[in-house]
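According to TrEMBL, the protein has these features:
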- B:72-256: domain 'ABC transmembrane type-1' (DOMAIN)
- B:22-41: transmembrane segment (TRANSMEM)
- B:84-104: transmembrane segment (TRANSMEM)
- B:116-134: transmembrane segment (TRANSMEM)
- B:141-161: transmembrane segment (TRANSMEM)
- B:225-253: transmembrane segment (TRANSMEM)
Amino acid sequence: MAFLQLKDIGQTYYSKQAATTALEDITFSVAEGEFISFLGPSGCGKSTLLSIIAGLLSPTTGTVTLRGQHITKPHPKIGYMLQQDYLFPWKTIQENIMTGLKLQHQLTPERIEYTLALMKEIGLSDTLSLYPKALSGGMRQRVALVRTLATNPKLLLLDEPFSALDYQTKLKLEDLVSSTLKEHGKTAILVTHDIGEAIAMSDRIILFSTKPGRLFRSFSVTETLRRRLPFEARQHEDYSMMFQEIWEELEQIEQNDAD
Amino acid sequence: MNKMTPTDPLASYVQQLRKKTIYVRITQVIIFLLFFGLWQLSSTERWIDPLLFSSPAKIVTLLYDKMIDGSLFSHIGMTLSETAIGFVLGTLFGTLLATLIWWFPFLARVLDPYLVILNAMPKVAVGPILIVALGPNITSIIAMGILISIIITTLVIHTAFQGVDENYVKVIRSFGGSKYQCFKEVILPACFPAIISSLKVNVGLSWVGVIVGEFLVSKEGLGYLIIYGFQVFNFTLVLMSLLVIAILATIMYKIVEVLEKKLIRHHH
Ligand SMILES: Nc1ncnc2c1ncn2[C@@H]1O[C@H](COP(=O)(O)OP(=O)(O)O)[C@@H](O)[C@H]1O
Ligand SMILES: [Mg+2]
């Protein structure tokens, strides 16, 4: 049995004016420990699909199962991280990272200790009593990662978590997120429109076509690249080859769009 | 080029700012002195009727006398407590009502036209009905203080609730948070600034409600003093009460402002 299984997922948004089909016929599975990237032009339904997997949105058709269990509402084993940090400005960093535990009534000494250890791991232990506005964008996104990891989810959903950051911070954070998730044995789905980021971080890349969003192709990242941290992977020759290949596919999608 | 002076540009900038502030203060004091000086002068010289327009000296003397014999303080105490109760309850009930219609969007849609009408209506016009319903006593006055602020508070806070970034709610929901938890952890704290700012508006509104209420029914309070002074043609008393109201309303507003700084210093 697959860790995560999506079957015939379709999503149509209705408004008074029109019905928009955002997703159609999405079927695939994810193995435990795998790092998947969703890649595709904006508006192809990546965020919508992530919301469905997170149980925040029920799909018009199809089912999501996690270890055979139907996902119909948010599940404690699934963590969700947004494009921006969305740390609560009125809470201290400490209160922010404990939010999930508080909501799930899990504020036990062990869980608190685990969360504080995570803070140490990402190097932000000395910010606990500060408020988010005192932190830089990169630091805030790291805190948001800890907030998501605090409840110990098995599956992490990351919706363009680096897109609001400057390039240097983004590269550093890619390494940090990649190594942290590997170390803790998490399964992850990353949404991105950055080809390089998808190659550098993931084991498998799923390419989406648009209008409506469908699976277009799937690429396996070579073993050589997988073993490397994102920053090193970006230097490797396999990286450039793969970049070229995906680039051409994306061009093709655009071409189809234009017709 | 100018002669080289070893002045620090920042220091000179700060000095310039300070200078400007001093000019503003001086002008304010001049206006103040000119106004009250002219008033005093025209009253003693009988350019204006001193019986109608009194004079600053008479007002201050009366204020002093009333403070010495202690009679002023019971009036102040009465009006102040009515106003405080009025604006705190007005804000509280307004926030509760906003919460209710946030929770039940159906209710929001049903109540929408009624709220618009109630908001547009001059609330003080309801005064006589309140007195008939609640009796000619302090309850009516406080009800007036609440009524005048509750609807606008509801509308403003409800709009603020709806304006909260959906993604903050999404964070809570992704952790399996309930609707109540979304409200408590996100909606309410995110709208603290809006609540405090309606508190500020409501201070002013409640003074209006309470003073009008006192015009209509009371035997005590600053509004009563104004109406009484008017009836016995004692305009010194009327103006003195106005002065006291101005001072108290300002103090109350300042207190809320301090509260605001304390409570929402971390909101952006
Ligand atoms: N709440 C919504 N109501 C209506 N249409 C929506 C909604 N959310 C997204 N859409 C539409 O669905 C499509 C996919 O959106 P989205 O999932 O955000 O794409 P992506 O994340 O890939 O950019 C877009 O055409 C968008 O306009
Ligand atoms: Mg998106």
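Using N, Cα and C of the backbone, Cβ positions are placed for all residues, glycine too.
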Outside the transmembrane segment (B:116-134), at least 6 residues beyond either end, the same-chain residues with a Cβ under 8 Å of its Cβ set are 140, 143-144, 147-148, 151-152, 155, 208-209, 212-213, 216-217
Looking only at residues six or more beyond either end of the transmembrane segment (B:22-41), which have a C-beta under 8 A from one in the stretch? 47, 53, 55-57
Residue list, the transmembrane segment (B:141-161) vs rest of chain: Cβ under 8 Å, 6 or more residues beyond ends. 82-83, 85-87, 89-91, 93-95, 97-99, 101-102, 108, 115, 118-119, 123-124, 126-127, 130, 134, 187, 190-191, 194-195, 198, 201-202, 205-206, 208-210, 212-214, 217-218, 221
